[in-house]
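**Student:** What follows is a single structure, and I will ask about it in a moment.
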Amino acid sequence: MSALGGAAAGGEGINPMGSAIGIVVLIIAVAITAIMAPAALGAIIGVIIGGLLIGFGVHFVPVGGAPAAMGQAPGIATGVAMLAAGAGLAGLFGGAWAAANPAFGIAIVIAAGAVGGGLMMAITCLMVNIIYVFGMGIPSASGKVDKDPITGDSQPEYKSQGTEGHGLPFISYVGGVIGGLLGGAGGTLIYYELLQVYSAALPALFNAEAAEVLPVAVSLAGIFAIGMFLVNAVLAAYNITGTIEGPHDPKFKRFPRAIIGCAVASAVCGLFAILIVVV
Amino acid sequence: MSVQITASEGGIPHDTLMAVGLIGSIVCLYLTYLNGATGTDVFSFFGGLAAVFALIWGTDTIKHLCSYGIGTGVPSAGMIAFGTGVIAMLLATQFDGMYLAPIMAVVIGAIVGFVAGFLANNVMNMNIPVMIRSLTEMAIIGAIVIMGLTAVMAGGFGFDALSVTMVQILGPLEATSYASSLLGGCLIAVAFMLGGIALQHPFNACLGPGEQQDRTLMLAAECGFLSMIVVAAISFAFVSMFAAVISLIVAIAGWYYTYAKYIELSRRDAYAWLNAKPILEPKGEA
């Protein structure tokens, strides 16, 4: 492979050796947490599930990159990581708002995060289609399937020659919203679990009132959640290698690899994030 | 599908740049400890210089990685660098008491980056020869840049110092405040995004035919100083007025020099690309 301008890698199938090593790393990270911070064992499992949700959710998000900007591919004209980060951070706002209210339990917090992420994706998909259809004058058509799996509408008649489809077909729109829901829920779960750890440990660490150190706990949990969100989103983007239409795209079948990868990455990042209150 | 990315060959070898970037940034981070030794905070600006060193190194790493068609665009590489880097940097601040924070940022960054690189290469089947090494380097770079920018803002990078500030009430009375500290105000997120943009922008802006290493790296330094201007402005809230003014002057002077150099190099490459001669400004006649 040349060092310059090589083709995008990322074939099909699971690498058994790499996945096995990854799962061993995950178990080691959980074991270290269990020994050094037994109270945070539940939190690291929550963080792993959160990362896994993000990695899975990213595969639903329709991304077209530069070809979509030129109307040559369905999807939103930006990178997977950027879009997933947008949905996740929007979800985090919703989740953080709900987490600040002590009356709300974990279910409501995560639901609020999911709604935030899903809403962001729904608005983005809507505006993208308005620009495509009314601004650029191109109909939405998928290049990967003949019939839209949800509406049953025929696609090839609307697809321009030489393109992979264009606009944002209904299935991609629905996929985007599902991706936003999962991403927002995953990011919020990471934030919520870390917030529990920090708000329990920081008052003792600083010898201060819980309410006084709450801003530090919120800030730490927030920045760690953002960091882990980006790690998971980029790893999932590497799995997709560029563009994806949504759940009907053949690339979607690669998601098991991303789930393994994101779970391992979240376990290692989560371990370090929890160690900050232990060392 | 991937977009072919053309990058120049030759120039300063990557290993040399890595050595200069790593040693330069660690030395600069340690120079900020002069703040504690002398009891002032005028040496905060060394943090910004550490960030600039690391950004120059990081831009070359991104160029190295993204010259393979990774298919996700250059910005995603910058995002994972800072996602892993912020985790390493925050844990490293806990080792500040033993003067180990910069070293620990490198060590923890290397661990997190190696794991991310291994997962990308062996679980996601990217199979890119420089993937593991590049993501390891970039996690270290992310950690160093955030640590450097934090040092400019707060005058240091100890976890306790970042979490607590003394606020004056009615003049002589002082009270501890967690909410108005660097972490409590989540200014770390500002350092995160300023560093992230400065890392991912230069190669993204310069890639393509006619990309030249010296021009790309000059843009990296320019972006670093630009980020430093912003954190120097924020530092007025945390360090003494004198120290903040020094940081601001260093940042503006560095930015002006690198910006002028970058424009000069851009013109040089534009002439070379067009195979044209510089247009001479007419003199004398009005």
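From the backbone N, Cα and C atoms, a Cβ is placed for every residue, glycine too.
According to TrEMBL:
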{"type": "TRANSMEM", "residues": "A:20-37", "note": "transmembrane segment"}
{"type": "TRANSMEM", "residues": "A:43-64", "note": "transmembrane segment"}
{"type": "TRANSMEM", "residues": "A:76-100", "note": "transmembrane segment"}
{"type": "TRANSMEM", "residues": "A:106-134", "note": "transmembrane segment"}
{"type": "TRANSMEM", "residues": "A:170-194", "note": "transmembrane segment"}
{"type": "TRANSMEM", "residues": "A:214-238", "note": "transmembrane segment"}
{"type": "TRANSMEM", "residues": "A:258-278", "note": "transmembrane segment"}
**Student:** So which residues does the transmembrane segment (A:43-64) touch in its own chain, when a touch means Cβ under 8 Å and the partner is 6 or more beyond its ends?
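**Tutor:** Those are 26, 29-30, 33, 73-80, 83-84, 87-88, 117, 121, 125, 168, 172-173, 175-176, 178-183, 185-190, 192-194, 196-197, 228-229, 231-233, 235-237, 239-240, 242-247, 251-252, 254-255, 258-259, 261-263, 265-267, 269-271, 273-274, in sequence order.
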**Student:** Below 8 Å between Cβ atoms, which of the listed ranges A:20-37, A:76-100, A:170-194 makes the most pairs with the transmembrane segment (A:214-238)?
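**Tutor:** The stretch with the most close Cβ contacts to the transmembrane segment (A:214-238) is A:76-100.
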**Student:** So which of A:20-37, A:76-100, A:170-194 is most in touch with the transmembrane segment (A:106-134), counting Cβ pairs under 8 Å?
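**Tutor:** Looking only at A:20-37, A:76-100, A:170-194, the most contacts with the transmembrane segment (A:106-134) come from A:170-194.
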**Student:** Short question: which residues 6 or more past the ends of the transmembrane segment (A:76-100) have a Cβ under 8 Å from it?
**Tutor:** 54, 57-58, 61-66, 68-69, 108-121, 124-125, 128, 168, 176, 179-180, 183-188, 191-192, 195, 218, 222, 225-226, 229-230, 233-234, 236-237, 240, 242, 244
**Student:** Quick test of the contact rule: Cβ under 8 Å, at least six residues beyond the ends. What residues does that give for the transmembrane segment (A:20-37)?
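**Tutor:** Same-chain contacts beyond the flanks: 44-45, 48, 197, 260-261, 263-264, 267-268, 270-271, 274-275, 277-278.
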